[in-house]
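Comments concern the structure below.
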Amino acid sequence: MNLHISVNNLSAVVNTSEVFEGGDILTVVGMVIIDILAFWGNLLNIIAILSTHHLRHNVTNLFVLNLCLFDIFASITLLPVAIASFITHSWPMNNFLCTLIGFLGSLLTFGSITNICAISIERYYSIKFPMHHAAHMTLTKTLGVIILIWTESLVISMLPLLGVNSYSFQSFKKQCTFSWEFDVVDKAYVITVGIICFVLPGIILLIMYWGVFRVARQAVLQVKPESTIRRVPLQPAVCNGATTGSTRRSSNENISDLRNVPRPMINGSKRHFKAANTLMVILTAYMAIWGPYFIYHMYGAIHGTVSNRKLTEVLVLWLGYSSFAINPFLYGCLNRAIRAELVNIYKNVLCCRVCVIQESHEERDDEDFFQFLEGTSTAVAVVNQHRLSVTHNKSSTLESETGYESSDMCQ
């Protein structure tokens, strides 16, 4: 009788183990896919930027390159070890390597998020103030900002090494990282990290991209189609019955030069729709990927406990890790110039012969949203400057030919 019960118990354990292992297998497959996508996606973006002159000399692309470095380092060091520890349900190496992996995990995670925040600020700066950005955002300043990003991430990640919290193997996460459940200092560190690395960047992203959207709306309203300002004939001014038509030819020539200024050819409402879509994807991705991770840990630090930790810890952790695979798409493939270079790499490296199909008007219409805004903002600035120049030239010509100031001619 006892033997029969023991056999039944053993059978139940085996069946439970098989179900658990089946779930583990699916989870591991998902983890491996994330790691592979993170590695190849970031590697291809790095190759595309470094191998193309105009891409690697673009300030925004330098920030994208730095983001790819954070993410590819994570795919090489952090994610493979996390997969191994998940499979073994324990830490397979010594304590020193556990501390090192915990440190690298914090460094690369915080650095990636901070870099995303820096990209949003740089984009707003280049679109809102294009002339000032072109004149002052030099390579030296860009590298200085990148160094600042690494320094900030390094400082935050080193605090657990200095006694503020600590890196250890967390059985629920199956990963070496910091904890929120031991004492007040640990909880304070987790809450502080959540505010600095999630709440503040989220607010900055929202403000910057809302500003970008407003610039898009203003640009569409200010910049008219090219055909409407090819040439604007000036009517002669009439002052006491006399005309001042001597300057019409030079003024018409100056205004006709505006046709060389690039202008958007897209309907305003459609541009607003595309702007909203692009920005909504970026903001939603950030909140959906990192929101559960930081909110979960901040909630745990405040309340001291959470339910169903075994499932939730792994889920929110790897949801955050998926950003390493998604970032190459959001900040690389959605950039038209980088995407074009990636297509060239695909055709050249893989020797894939494809037919080059002439882009239709609709395809050209799908240009990169941020590139459109940069060109549009620059066009608006050039048009405004040119109008001021035309007005000044007209005034100077009138003065030289009549001997009177333009303000005195109608007196």
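A Cβ is built for glycine as well, from the same backbone N, Cα and C atoms used for every other residue.
Predicted automatically and left uncurated, TrEMBL annotations should be read as such.
Annotation comment: TrEMBL describes 41-331 as domain 'G-protein coupled receptors family 1 profile'.
Look at TrEMBL and you will find 25-50 (among others) tagged as transmembrane segment. Sequence-distant contacts of the transmembrane segment (25-50), counting only residues of its own chain at least 6 positions beyond either end whose CB sits under 8 Å from a CB of the stretch, comprise 56, 61, 64-65, 68-69, 71-72, 74-76, 79-80, 82-83, 86-87, 314, 318, 321-322, 324-325, 327-329, 331-332, 338, 341-342, 345.
Tertiary neighbourhood of the transmembrane segment (62-87): same-chain residues 24, 27-28, 31-32, 34-35, 38-39, 41-43, 45-46, 49-50, 56, 93, 101, 104-105, 108-109, 111-112, 115-116, 118-119, 122, 139, 142-143, 145-146, 149, 169, 174-176, 314, 317-318, 321, 323-325, 327-328, 331-332, 335, 338, selected by CB-CB distance under 8 Å and a gap of 6+ residues from either end. Here TrEMBL flags 62-87 (among others) as transmembrane segment.
Sequence-distant neighbours of the transmembrane segment (99-121) (same chain, 6+ residues past either end, Cβ-Cβ under 8 Å): 60, 63-64, 66-67, 70-71, 73-74, 77-78, 81, 145, 149-150, 152-154, 156-158, 160-161, 167-168, 175-178, 193, 197-198, 200-201, 204-205, 208-209, 286, 290, 320, 323-324, 327, 331. Residues or ranges marked as transmembrane segment by TrEMBL: 99-121 (among others).
TrEMBL lists 142-162 (among others) with the feature transmembrane segment.
Taken from TrEMBL, the feature transmembrane segment applies to 188-212 (among others).
What TrEMBL records for 275-295 (among others) is transmembrane segment.
Annotation comment: TrEMBL describes 315-334 (among others) as transmembrane segment.
Against the transmembrane segment (188-212), stretch 275-295 shows more Cβ pairs under 8 Å than any other of 142-162, 275-295, 315-334.
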